[in-house]
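First the structure, in the form of structure tokens, and then the observations on it.
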Amino acid sequence: MELSPLQPVNENMQMNKKKNEDAKKRLSIERIYQKKTQLEHILLRPDTYIGSVELVTQQMWVYDEDVGINYREVTFVPGLYKIFDEILVNAADNKQRDPKMSCIRVTIDPENNLISIWNNGKGIPVVEHKVEKMYVPALIFGQLLTSSNYDDDEKKVTGGRNGYGAKLCNIFSTRFTVETASKEYKKMFKQTWMDNMGRAGDMELKPFNGEDYTCITFQPDLSKFKMQSLDKDIVALMVRRAYDIAGSTKDVKVFLNGNKLPVKGFRSYVDMYLKDKLDETGNALKVVHEQVNPRWEVCLTMSEKGFQQISFVNSIATSKGGRHVDYVADQIVSKLVDVVKKKNKGGVAVKAHQVKNHMWIFVNALIENPTFDSQTKENMTLQAKSFGSTCQLSEKFIKAAIGCGIVESILNWVKFKAQIQLNKKCSAVKHNRIKGIPKLDDANDAGSRNSTECTLILTEGDSAKTLAVSGLGVVGRDKYGVFPLRGKILNVREASHKQIMENAEINNIIKIVGLQYKKNYEDEDSLKTLRYGKIMIMTDQDQDGSHIKGLLINFIHHNWPSLLRHRFLEEFITPIVKVSKNKQELAFYSLPEFEEWKSSTPNHKKWKVKYYKGLGTSTSKEAKEYFADMKRHRIQFKYSGPEDDAAISLAFSKKQVDDRKEWLTHFMEDRRQRKLLGLPEDYLYGQTTTYLTYNDFINKELILFSNSDNERSIPSMVDGLKPGQRKVLFTCFKRNDKREVKVAQLAGSVAEMSSYHHGEMSLMMTIINLAQNFVGSNNLNLLQPIGQFGTRLHGGKDSASPRYIFTMLSPLTRLLFPPKDDHTLKFLYDDNQRVEPEWYIPIIPMVLINGAEGIGTGWSCKIPNFDIREVVNNIRRLLDGEEPLPMLPSYKNFKGTIEELASNQYVINGEVAILNSTTIEISELPIRTWTQTYKEQVLEPMLNGTEKTPPLITDYREYHTDTTVKFVIKMTEEKLAEAERVGLHKVFKLQTSLTCNSMVLFDHVGCLKKYDTVLDILKDFFELRLKYYGLRKEWLLGMLGAESAKLNNQARFILEKIDGKIIIENKPKKELIKVLIQRGYDSDPVKAWKEAQQKVPDEEENEESDNENSDSVAESGPTFNYLLDMPLWYLTKEKKDELCKQRNEKEQELNTLKNKSPSDLWKEDLAVFIEELEVVEAKEKQDEQVGLPGKGGKAKGKKAQMSEVLPSPHGKRVIPQVTMEMKAEAEKKIRKKIKSENVEGTPTENGLELGSLKQRIEKKQKKEPGAMTKKQTTLAFKPIKKGKKRNPWSDSESDMSSNESNVDVPPREKDPRRAATKAKFTMDLDSDEDFSGSDGKDEDEDFFPLDTTPPKTKIPQKNTKKALKPQKSAMSGDPESDEKDSVPASPGPPAADLPADTEQLKPSSKQTVAVKKTATKSQSSTSTAGTKKRAVPKGSKSDSALNAHGPEKPVPAKAKNSRKRKQSSSDDSDSDFEKVVSKVAASKKSKGENQDFRVDLDETMVPRAKSGRAKKPIKYLEESDDDDLF
């Protein structure tokens, strides 16, 4: 059966031929407006259906036999490419219909113009269509507008969509054959169409029993495409499509011309594109691959040619991409943008599309019923919500994407763009005159043809510029210009683009010299483009001056390394010491050289010495002398090779932190060895020095700055002080003020007496910080804060001006630093003046009491505060030969808890309680979370809401004092219930973390040492301190022996004179001395002993007199002035008896001392210190209670005042929780730290290998099976003095003078505060400001420990026995004890430290006794060796504060290190709570007061029955947010 639907087309063509003949004849309406059939329309307007049928030339991905898949220019006909693709996609679609399909065979025969595509799998049904009355294969391949894809309710993931595909191929072929077999219908169908589907051949039907298959064979009508044959380009495109199908269709083998294509999946297919492609560094591109789910597969790599994509939708190659590509790319871009912004802080702003331009993405997707913008299906337009699936890329993929080179590529592009901006804005060209830099004194020849002979002198500040200008009077202004620097310039190696662009100093130097970014100054001609041929650096001869030189060298080396090879840089040195005698004068340019001269000059004391601390010390006359001898003072920097580059990079590159550590470690060790061997220090500037290599400068001069930076920033293990703090202490000891002194005046005194060379403002802040005592500052303030020294409201920033506040030494300070030890210390000398010692030697390690924090070069230090009494007790244990007990961080007057998560990992918890279903009360904030900051950054956003989060609370009220915290917060019931579920501590940000993995301190020999645990610090200190007690005893024995001998001689002399055995009247002096020697009298014993010690007792004797003749040499021979100078009234009976008594007492004192060991001396000092500590604490408490309710006064008003300030007794305390996740995170941090240290090869400090850290951790875990918890509270009679945290940021260690809460608080359920949780002492100096926005710089002066004492409670008379000494939990012998007990026990003191009578106390019979072992982190704070045992107080304030449910009475301990502790039980806790709530509801509302916030303490002053919980309490957990400061 033959049809001829093309007849009208042929007639139309004939009509067109006659057109010329009928040109003049008017066209009829019928010939103008014509109707065509669908088939006619397709042939007449093929571009509507298959794209252009004209040859086009464009860049395409093709497959060439010799190179594989490549991107090249091809000439092809899009229409022909499309009809081939339609058949190929149909074959691939069959995989979605029949998952068992496994093979596609493609045959392309250009010679015979024949293309065949065969696939197995379910075939086309060989059955007659009952409606159309023809077989289905004939229907769908030979009839237009037929398809199986018209049911849009059916979700399909196939390429076919509109019903045109295969028919279009038929129409544009001269011959088109369909062959399909159906196992289901047991038939094989075959039919051929000819002449552009114009004629249909006979249909063949045969019986069939094999597997289904379909084969389409066609011969394209090349004439329609204006082609003669299938050329190389179109075949290359078709072959690539065969590879596409092999890569995008899973589990299908594709054969091309009988050969199987070597593609094993999408990942393998992607590699074909990336073969031989390299990144910017010459390495193969990294590919990130993920099979997200069965419908999505993504690969990503870096692109150097803008955004590139290869994508498939249901096997269709979407060469123009579409929304499926955007959907995936946008996810990746959003993540990469965040990373780039973090790494490019301050650089050129990077936008999303710029990040996308560096990506090459491969996407293979199956999408339900996709839509396209044309029949060519190059761009997929379906919206993402209709994809039928999602593609959520995993964190693993994103992490790999960040590391695959894209981020580096973007950052390189950013640098390139930044460079363009720098060149545009910051580079300079050569001009004769420079405008806009007023402080520049330009050389007259700068910018002229003689510019290479000009030198620019860069000076340290305006005063140095004045010196240089004075000197220019000698050398002239033609060749020398001067420009003053304002302090230290930027480290450009680590600076951001924005910093460099905005740095006026850098830009001025570039402009003055005429430098251009990225220009190479290798040859001499390039130097002629500069306005100056050299830069001369003129700074002070101190370490800060060396740093400025180093920064300038770094600036030139980083941007123009070639300039260093031309000797472009030089320095101008000035003397640091001058000595003169008569008219002779010598200058020294380094202190070691001066010391050498002194040691080789016997009469050096006769020379006048003048020290030059800066350029400003030199006079104009001296400046002219310097410039007149330019050869001596000008030192050129000489480039000696790659070692110079390496040295500069070592000093200033951020990436070489570990190398710098090793560099400084070697320096400190070398310096130590030189001291031990008595060798002089190495120095650079000798009399003959004319040049210097950069390597020498870095390793011999700049390293002194880096070391001094550490010395200024990191305290000593011995006294816990930094040099500035030590100078303050030295001055206070020397002044020994009995009256208070203004801080500003004391600062001036310190600068004078201790030779302090920096600004007095920083000195005043150091003094203030040493005196601060608020919660979170010092546990023991060494100075007294007399005036406003700052509070916890603002973290100390609210201190008054130093002109208005006073201070003086704390009465405890000289007990900590006994004067008897001063003689054993090594004092330093500055400008020939004796100043502070290299360290003091306190009786307890102050670095643990007040903590430490600082950031130096290569190292940083972070140590929390610890409890004073715990430290004292541990020292006593060491003195007794016992092992010290573990300690948790502790902050004076802090009422919250600190818990240990892992070794050196802690979490700090504030206090929150629930008052009723809509009200909570916050009564403590984590350490260093200041009240005002918390209000502004946490509560205000919760009250007002933000753009992203709705309001959480409805109102809050504040009842703080300067020492206490109290927020009463209102919420809806629903919000409060939800907050309880999440955890109130977490919601209200009342947990912060503390990491102590950087306990780095200077040891006693001046070397940095890293400590793994706090007990390592304690043991190091103990060994050294014990040795110095031995030295003290030795010194005292000598001194007492000399004094005893002196008194003995004096008494004997007086007695013999009275008896007439010695006659001194009217005798020559020489004869008298002879008589005394004959009678066996000693020459002055005290003077002789002091001379033997080679130490001069008084500072004044160390100071040289300006008068050269004052060096009087002591008379040779014995001296008896101590006898002969005695007054006559010594001969009286009274004075004689007194002298004999003194002699006997001194002998007794000497004998007593001989019988004491160094340990005895130490224990005595500790006993005296603890006794005075209790006096001071009692006074602090008394001072704080001034104005609070007492015995007199109006009780009601006072109670009302208390109710506002103190925590409500009704509150149900929320127990902070530590989740397993928090512990796991802490362990992960430790593992990560150890791993990073091992990988980076950080040098071990002082022989402590990193492996030992792990061993210590394991050892500690065995030793402390349970997690340790410490509830910080202070007992009323003898508070456990919480180790006051030293302001780690400041130069001073502030001491918390107030050790206890100043007010008594009625008990409430919350008050098992002390025992409520097994709080582990955890605090993270890294993340003290999880939410607070205080910036790190200000924190330098403001880090202080928080108040560690809970509110005191008023207790009825019957409970007023003196409380037990602060009890801390004993070491647990049960590793699982933490998990077993729902109610944490309060820490108790070790059995050994308890007074005998307290150990016999038994628990109340009405209370359930639940024995629990807890890790002993705290030790008895009051009953200590060497102090008098005190009676056990009954229910003191502290007792109630710590245990509102009843005094916790310790069960007698079985072992020293394991103490069983009674667990509180509370059968009625819930009912009690209900009663309390009802009381609140019933209480009368005061005038003008919102009842919601009213808690009347009048009704609740009597404590409720004290009991623990019977039920397991609700636990409120907060995860720690960990931000590392360092």
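Cβ coordinates come from backbone N, Cα and C, glycine included.
Here Swiss-Prot flags Lys156 (among others) as SUMO2 cross-link, drawing on similarity to another entry.
In the three-state DSSP scheme, Lys417 (SUMO2 cross-link) is classed as helix. If you look up Swiss-Prot, you'll see Lys417 (among others) marked as SUMO2 cross-link.
Swiss-Prot lists Lys424 (among others) with the feature SUMO2 cross-link, giving similarity to another entry as the kind of evidence.
The feature SUMO2 cross-link is assigned by Swiss-Prot to Lys583 (among others). In the three-state DSSP scheme, Lys583 (SUMO2 cross-link) is classed as coil.
Look at Swiss-Prot and you will find Lys613 (among others) tagged as SUMO2 cross-link, backed by similarity to another entry. The secondary structure of Lys613 (SUMO2 cross-link), as reduced to three states from DSSP, is coil rather than helix or strand.
Reduced to three states, the DSSP call for Lys661 (SUMO2 cross-link) is helix. What Swiss-Prot lists as SUMO2 cross-link is Lys661 (among others), and the listing cites similarity to another entry.
The SUMO2 cross-link feature in Swiss-Prot is assigned to Lys1191 (among others).
According to Swiss-Prot, the SUMO2 cross-link annotation covers Lys1199 (among others), on the basis of similarity to another entry.
Under the heading SUMO2 cross-link, Swiss-Prot lists Lys1254 (among others), citing similarity to another entry as support.
Among the features that Swiss-Prot reports, SUMO2 cross-link is placed at Lys1362 (among others), with the record citing similarity to another entry.
Swiss-Prot lists Lys1437 (among others) with the feature SUMO2 cross-link.
The SUMO2 cross-link annotation in Swiss-Prot covers Lys1454 (among others).
Annotation source Swiss-Prot lists domain 'Toprim' at 454-571. Under DSSP, residues within the domain 'Toprim' (454-571) fall into helix, strand and coil as 56 helix, 20 strand, 42 coil.
In three-state terms derived from DSSP, Thr281 (phosphothreonine) belongs to neither a helical nor a strand segment and is classed as coil. According to Swiss-Prot, the phosphothreonine annotation covers Thr281 (among others).
For Thr1242 (among others), the entry in Swiss-Prot reads phosphothreonine, with the evidence type similarity to another entry.
Per Swiss-Prot, phosphothreonine is recorded for Thr1322 (among others).
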Nonlocal residues around Lys613 (SUMO2 cross-link), in sequence order (Cβ under 8 Å, 6 or more apart): Asp540, Asp542, His757, Asp831
Using all protein chains in view, find how many other C-beta atoms are within 10 Å of the C-beta of Arg803 (site 'Transition state stabilizer'). 10
Please identify, among the recorded positions Lys583, Lys661, Arg803, the one with the smallest Cα-Cα distance to Lys417 (SUMO2 cross-link). Lys661
Tertiary neighbours of Thr281 (phosphothreonine) (same chain, Cβ under 8 Å, six or more apart): none
Mean per-residue pLDDT computed across the domain 'Toprim' (454-571): 86
Fewest other Cβ atoms within 10 Å: which of the recorded sites Lys417, Lys661 wins that one? Let me know. Lys417
From the Cα of Arg803 (site 'Transition state stabilizer') across to the Cα of Lys583 (SUMO2 cross-link), what is the distance in angstrom? 46
C-alpha of Lys661 (SUMO2 cross-link) to C-alpha of Arg803 (site 'Transition state stabilizer'): distance in Å? 41
Which secondary structure state does DSSP assign to Arg803 (site 'Transition state stabilizer'), in the simple three-class scheme? coil
Excluding its own, the Cβ atoms lying within 10 Å of the Cβ of Lys583 (SUMO2 cross-link) add up to 5
